[in-house]
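Trainee: The structure that follows is given in the form of structure tokens.
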Amino acid sequence: RMFHDDELEESEKFYVGQPRVLLLIYALYNTLVARSEMVCYFVIILNHMISASMITLVLPILIFLWAMLSVPRPSKRFWMTAIVYTEVAIVIKYFFQFGFFPWNKYVDYTKDKPYHPPNIIGIEKKEGYVHYDLVQLLALFFHRSILKCHGLWDEDEKGDSSSNKEDTDDELSLTGGRRDSSASLKSVNLTASVESIHVHFPEQQTAIRRKSSSSHRSWISLETLIVSHPGFLFFSARYSVVKSHCGLCCFRTLQVYVPIRQFFYNLIHPDYSAVTDVYVLMFLADTVDFIIIVFGFWAFGKHSAAADITSSLSEDQVPEAFLVMVLIQFGTMVVDRALYLKKTVMGKVIFQVILVFGIHFWMFFILPGVTERKFSQNTVAQLWYFVKCVYFGLSAYQIRCGYPTRVLGNFLTKSYNYVNLFLFQGFRLVPFLTELRAVMDWVWTDTTLSLSSWICVEDIYAHIFILKCWRESEKRYPQPRGQKKKKVVKYGMGGMIIVLLICIVWFPLLFMSLIKSVAGITNKPLDVSITITLGGYQPIFTMSAQQSQLKDLNQTGFNAFLGSYRGNTAALQFLEGYGKEDITLADLEGNSNSLWTISPPSREKMIQGLLDFSAEFTVVLSWSIQRTLETVYPYYIKAPSDSLAKPIKQLLTGMYCRWENITVSLVKNVSDEGVREWWVLNQLGKRYKTSEESLELFIFSDKVSPPSLGFLAGYGIMGLYASVVLVIGKFVREFFSGISHSIMFEELPNVDRILKLCTDIFLVRETGELELEEDLYAKLIFLYRSPETMIKWTREKT
């Protein structure tokens with residue numbers, strides 16, 4: 001070994017010999033030290049999520065638009081800004097905690113108001129108002145100590161001083177012949193030293209170069225600008241006057257504007273860039289945000305604390321804020337894809353600035369007013385914002401490193417294994433995603449192919465990639481010739497497919513049977529009404545039972561009820577599907593609740609019809625609909641899940657059961673106010689004997705599906721078969737049929753040459769060789785038109 005030290009070797013042995021738990025703690029601490037800036041970012045974002053005020057809003061914006069965009073790391077100025085700002089924020093919050101401020105006298109009344117000025121600013125009085133700020137300050141000081149330990153804290157100042165020295169040398173060398181002019185210029189009263197302003201002149205790049213490796217652009221100070229350009233002499237003569245008046249404001253503005261402009265200019269036009277590609281991670285972050293919006297849409301609506309997505313969608317209730325966020329989220333994904341395909345860093349920087357300010361303005365100033373609750377009380381919005389912050393960090397990293405020069409194929413097609421295969425096929429199964437990606441790629445990529453030809457290439461590439469994955473799996477797990485398939489493969493794959501197909505075929509029956517028996521909810525009646533009409537004349541009896549008149553059966557009564565039908569197979573089979581909680585006993589009073597207001601002619605005609613025994617006289621009894629009854633009174637009524645209530649024939653037929661008769665009598669009351677008449681009904685065979693005239697009615701209520709599954713169960717068995725089984729069966733049938741027509745494209749032993757041809761098309765397109773792209777595409781089409789050539793191209797290599 002070139003270098004050997006006994007102490008270092010002993011230290012390494014001692015370290016390796018430590019317990020695994022202690023080594024894990026060491027590793028976690030080293031990770032924390034190596035990524036201490038990420039810890040600071042996380043604490044700052046967490047503090048803003050909890051506080052959600054204008055005081056804490058500044059640092060997250062600076063993180064995404066300054067710190068994460070700095071090359072190679074955030075400067076000392078940023079960390080000092082963050083430390084000083086946090087300290088000032090703590091002092092301000094502490095100062096406004098005193099009770100003599102007017103808004104602190106009604107804290108309980110204003111603490112949940114999102115637009116209360118102290119809540120927006122962040123100076124409201126509350127418990128633990130400074131806890132997260134102290135943790136944030138502690139994290140910043142920890143990172144500062146790490147930078148100092150590694151000698152990185154003062155690195156920027158040293159780099160700036162060296163750069164300034166080199167710039168000064170350059171300027172002196174360029175202005176050596178003009179020292180006399182400079183000396184004469186010093187005689188002009190500039191009111192002490194003239195502050196140096198760096199101004200960028202692109203046309204001077206050929207004349208003035210910086211020696212520093214970090215930047216090779218043209219930069220000159222204000223004094224050099226005055227000396228090198230005689231046209232500015234008049235400006236220099238009046239400089240003291242301008243500076244003392246309105247020019248001072250412009251001067252200070254330039255001091256702020258020029259460094260910011262130079263920062264973004266260096267970002268867009270770097271001398272060196274470590275090209276990277278994190279578009280996939282940004283897309284996944286956007287996808288997670290999209291899922292959060294869809295399944296947590298109730299959090300973006302008004303007066304919505306919680307809701308069930310299925311029931312809300314079935315009621316066609318879509319909050320406006322939810323719609324806006326979905327459209328914005330989808331639109332940003334499309335724009336991000338366009339910027340990625342065009343590889344424009346400037347567009348990405350502009351998009352980043354607009355998105356950072358827009359998202360923060362929407363989430364912390366608009367959304368609380370729409371939902372009428374503070375951002376800190378909206379958990380779904382907090383989760384969405386945190387994932388969006390991850391996207392902002394990835395986006396800043398992409399800007400800092402630059403876009404890749406080549407975008408070849410789908411990111412899932414980089415490897416040929418089962419994971420990539422199933423993920424790629426799942427990607428293609430998402431509705432409209434493959435089509436939308438293909439059209440966007442065609443729009444924002446330079447190509448000579450038409451849209452149909454582009455889609456053709458994409459389809460061939462996808463098909464060849466799938467074949468390549470299967471061929472690689474066959475190489476990894478070879479199957480010897482003449483050997484039968486193992487039982488594990490046959491029963492594993494085949495058995496699973498059999499079970500899946502059986503479940504699909506019988507799913508509607510199982511679903512409709514279990515959904516009401518297992519998860520069903522008893523739908524008891526709230527009102528039972530009876531109306532009896534004689535021969536179509538004015539109703540003679542109307543009565544309803546509610547609340548206390550609707551009684552439940554206890555276990556003893558239910559057992560006695562079942563015992564009365566012992567031996568009646570049809571009745572017992574019907575009662576098998578009901579429990580005591582499904583039966584309601586309605587006790588209706590015998591006296592009609594309305595007077596009989598029939599006209600005298602109709603009354604006489606009805607009497608004549610009743611006296612004529614040879615003519616038919618119908619009695620109509622209605623409870624939910626009107627129908628003519630063969631007998632008088634149905635004792636048992638079934639209330640199904642729909643609106644049609646009907647008698648239970650199984651309990652009303654046979655030797656053990658009969659339709660109950662009722663007596664109908666007309667009561668006449670003569671008083672000073674006149675003659676009043678009403679009808680009185682009494683049931684003869686009542687199970688629960690009462691001395692008063694009354695009617696009994698047993699209502700059997702069918703269980704209904706839960707509200708969350710009502711949209712699916714509402715279609716019924718035939719609806720489920722038509723929508724689920726037949727549709728899935730169509731796709732399964734396509735998988736098992738038509739195989740013979742695709743043999744020449746499916747059974748390809750070696751697809752490497754075709755895959756390389758597709759990759760070559762992508763490559764020449766990226767390099768701008770559009771004529772060669774047309775030639776290679778024509779070659780690919782000819783290959784698929786010629787079976788003989790396809791056989792030659794796909795032979796196994798010997």
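A Cβ is built for glycine as well, from the same backbone N, Cα and C atoms used for every other residue.
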Trainee: Have a look at 415-431, 432-448, 619-635 and point to the one annotated transmembrane segment in TrEMBL.
Mentor: 415-431
Trainee: Residue list, the transmembrane segment (321-340) vs rest of chain: Cβ under 8 Å, 6 or more residues beyond ends.
Mentor: 279, 282-283, 286, 289-290, 293-294, 297, 300-301, 347-348, 351, 355, 362, 367, 370-371, 403, 407, 437, 440, 443-444
Trainee: Mind checking how the domain 'Piezo transmembrane helical unit' (34-154) divides into helix, strand and coil residues in DSSP?
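Mentor: Split into helix, strand and coil, the domain 'Piezo transmembrane helical unit' (34-154) gives 84 helix, 0 strand, 37 coil.
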Trainee: With pairs fewer than 6 apart in sequence excluded, do the transmembrane segment (39-66) and the transmembrane segment (383-403) have three or more C-beta pairs that lie under 8 Å?
Mentor: yes
Trainee: By Cβ distance under 8 Å, which residues at least 6 away from the ends of the transmembrane segment (39-66) in the same chain are close to it?
Mentor: 32, 74, 78, 81-82, 85-86, 89, 92-93, 119-123, 132-133, 135-136, 139-140, 142-143, 263, 352-353, 356-357, 360, 364, 374-376, 382, 385-386, 389, 392-393, 396
Trainee: Looking only at the domain 'Piezo THU9 and anchor' (276-513), what is the mean pLDDT?
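Mentor: 84, rounded to a whole number.
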